[in-house]
Structure formats: structure tokens, C-alpha cells
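> Submitted below is the structure of interest, expressed as C-alpha cells.
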Amino acid sequence: MTQKFDVVVIGAGPGGYVAAIKAAQLGLKTACIEKYTDAEGKLALGGTCLNVGCIPSKALLDSSWKYKEAKESFNVHGISTGEVKMDVAAMVGRKAGIVKNLTGGVATLFKANGVTSIQGHGKLLAGKKVEVTKADGTTEVIEAENVILASGSRPIDIPPAPVDQNVIVDSTGALEFQAVPKRLGVIGAGVIGLELGSVWARLGAEVTVLEALDTFLMAADTAVSKEAQKTLTKQGLDIKLGARVTGSKVNGNEVEVTYTNAEGEQKITFDKLIVAVGRRPVTTDLLAADSGVTIDERGYIFVDDYCATSVPGVYAIGDVVRGMMLAHKASEEGIMVVERIKGHKAQMNYDLIPSVIYTHPEIAWVGKTEQALKAEGVEVNVGTFPFAASGRAMAANDTGGFVKVIADAKTDRVLGVHVIGPSAAELVQQGAIAMEFGTSAEDLGMMVFSHPTLSEALHEAALAVNGGAIHVANRKKR
């Protein structure tokens, strides 16, 4: 007998599993299809984010930073450690334990909320039917009133550097190194490349980042990207801009990479090479020819502002649709879609989705950059506050970076918050909340912030917008 559901979700990443749980909470009979399995062959929920993305990379970032601090900075606090060593296998094992715990947690949440997990590859057929292909090749077809496509993305492959997951690896392979490579190359100076490059640089690798663009972190505010490049270079990342990789040759346990820059053709040899040039949507074999769902030339599914496809009752969320490939975007899209299935008037504010790079210092922003606003002809006032003037940052021996608040010169409404420094990912969320409610810089300046805290830097930057900062000299006079 054919199984029937109110909602069938294809993909159990941060978009899919959140949508499935929310649907079940709202009383909808829900199933979630996922093909990903762990090393033991068991169903692994959570998608790229939990298994080989957001979570494991943060585990390695935190472990590597603690190692670097113990080796270089504990003496500032009066702590003598002797020789500091890193057990890479133990570090990677800790990461794996965290992943197992969290993916198991999603399974527990499915059970608690009554979501049916189905292991296999999901494919949308005509009439909102979904074909599930099991690992043994058998298939079954289930029916749904509503289908949510949340199949995620995978690393982009480039012909000049074919991944073998041995010497040349993608972001997944870079999480599994069992030893620190002496010479590490990274193709791509984006979020993934900088984070993974930072991990292994802290542990002693000589890291070279090859970026085809001439501009570093183009999406970030110019002041932030300049500070980030300076700081990361000081930490040991050799960032080569305008370096377009044209070829690679693996020789045993090393790889010779050929790239071109302003000086012509160059060659450089690495022990490991990480290809981190972005991700592409996973829509291959997701849709039957008669499904009715439309995709573009790059594999993205066409949707409207509410993630509805061209087929009534079929939706797509997360990395398979246009926009930033962010876990939190996918999750909120999933919730919005389910709310709308239930008849609620839910929507998302795509202008206020925070972006974060988990290097050290962290880099985070929400809203528009100063250069973008100037290009639009918007007059702005800007306030900045350096963490070097923060008592809490000094106490933590973590004073690099600053907070920057941008406000409309006419209305004082906050249009952008940009942070590079300690806990930037947490601080920028305060800016997102303020901007969601149309807060002015003056409003932020009138709020009482706990002392001593890092968040006071946001307070002071907001005050500085109108020349009222207390703990730093004001560029703008009141």
C-alpha cells in the first residue's frame, strides 16, 4: 500500500530537517528522505552542515585555536605549559564525536516529533509523488500533498585541480587530515578556504591561498576586508590575489600547481591541496522529466519570494535555490514554507541574513556595506569602535579588530553592522535584531549594555555614528 503524507521533505540538512520538525509540530503527517550514511552505514541526518561542514569545521577551528593560544599566549596570563603538542588524530576524533552526537540528536528530535525518516535517494515525480531508491536498488513511491526540495549542495570541481581525496581534496577531505601537511595550498579565499586554511596554519602548516579575484572578501565591507587580510597574513596565510590556477600535477605525495598572475605563469608545490572554490546545488536526478519543476542553467530551482516552485504544492529551500548558501537561511526558509502550507502569512527578510567567517578574529556582518550604499547614492554616517579600547577584550588578550555601524545620514536608521574581532558572530546578531525593528543609531546608543562586555563595542560604535562615543575620540563632532 502506498504511503501518503501531508509533507514529504527530500533532504535532511539544516533546511530539510528543520522544515520536517516544524511541519510535524504543526500537526502535519511528515516524512523526511535522506540518503547520506555515516562510516557505519547508518542513516546520518543533518546534511553537509552537521556531517562535513559547519559543525566539524568549527570543532577543528576551536581545537586549533586553543593549541595556538596554549603555545603562544598562555604565558601572558602567567601560565607556563612547557612543550605543547597536538595529537591530530585525537583532534579529528573529537570532531567526529561531536558530529555523531548532533546527528543522533536530530534523529531523536524526529522521533519525539513524529517525523518518519526514510533512508534512500528521493526523486520528485509528476503529481507530487516521490520515488525513493534504497541502497539495495529497490524503489518505492510515496505520495504527498506538499513536497519540499532541500537536497543541498556539494563542492564545485574544477578541471585544473581534479580532487582525488588524497593529495588534492575538497572541503570534506580537508576535515580528515591525520597529520599536519608541511606545505598546504588552498584554492579559493572564500569562507571555506580561509577557515580550513586557518586550522592547519595554526598547527604549523605553511599555507598559501590562491585567489583568482583581485579583491579580497569582496562581499565584506572594505574596511573589514582590509583588516582581515592584514591580520590573516600576519597569522601566516600567504594570500595571493589575482592568482588563477590553470593546472596541477600529482607526483607521489605532493602536487605541483600552475597558476597565472600579473607576472605571468607560476609554479608552486604542496603536500596537500584544498579546492575550495564554492559549492553547487544538488539537483541532478532530483527531478523526473515530467515533474514540472524548472531549474536554471546552473542547476538552481526557480522559486518565488516564498520558495514556491512552478508546481503548486512543491517548494524548494536552501542551497538548491538562489541566494547565499547558508544553513540559517535554509532553516528559516523551511519554517516559512511550512507556515505557509498551514495557511499562515509567513515571510523572510532576506536583507538581514547575517554572514560569518569563523577565522580568528571572527568576521561577521549584516545589512549593507559602506561601498554598496555609496554606490546606491545613499548618504551615510559611520561609527567605529576598536576592540583595542575595550576593557573586556583587553582582559581576554583579544583586542584585534573593530565594530562598524553604518546609518542613514538623513534618518539615522541603521543600515549595516560589520564586525571583525572576538565573538563577532554573536555581536552581529544584536545588530540584526536592532535592524529588524528599524532601530536608529541613537536608539542603540541609548540602550544600557552590561559592563564589561564585548557588546559595549557595538554600543560605542553606535554612539560614534553621531559623534557621541565615550571611550574613543570622535571623528564626527556633535
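Every residue, even glycine, has its Cβ placed from backbone N, Cα and C.
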> Going by Swiss-Prot, Gly188, Ala189, Gly190, Val191, Ile192, Val245, Ala276, Val277, Gly278, Arg279 bind NAD(+); tell me which of Glu211, Glu227, Glu297 is listed for that site too.
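It is Glu211, as the record lists it for that site.
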> Look at the disulfide annotations in Swiss-Prot and name the partner of Cys54 from this list: Cys32, Cys49.
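Disulfide mapping in Swiss-Prot sends Cys54 to Cys49.
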> Return the residues near Val277 (NAD(+) binding site) by Cβ distance under 8 Å, restricted to its own chain and a separation of at least 6 in sequence.
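Sequence-distant Cβ neighbours: Ile156, Ile158, Ile187, Gly188, Gly190.
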> Rounded to a whole number, what is the top Cα to Cα distance in Å among the residues the record ties to NAD(+), namely Gly188, Ala189, Gly190, Val191, Ile192, Glu211, Val245, Ala276, Val277, Gly278, Arg279?
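For the residues that bind NAD(+), the greatest Cα distance is 18 Å.
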> Once the chains shown are all counted, how many other Cβ atoms turn up within 10 Å of the Cβ of Gly188 (NAD(+) binding site)?
24
> Go through Gly46, Gly190, our binding-site residues, and report the one whose Cβ sees the most other Cβ atoms within 10 Å.
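For the binding-site residues Gly46, Gly190, the Cβ with the most other Cβ atoms within 10 Å is Gly46.
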> Pick from Arg279, His451: which of these recorded positions has the biggest number of other Cβ atoms within 10 Å of its Cβ?
Arg279
> In terms of Cα spacing, which of the recorded positions Glu34, Thr37, Glu40, Gly46, Asp319, His451 are within 10 angstroms of Arg279 (NAD(+) binding site)?
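So far as Cα distances go, the recorded positions lying within 10 Å of Arg279 (NAD(+) binding site) are Asp319.
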> Please state whether DSSP places Arg279 (NAD(+) binding site) in a helix, a strand or coil.
strand
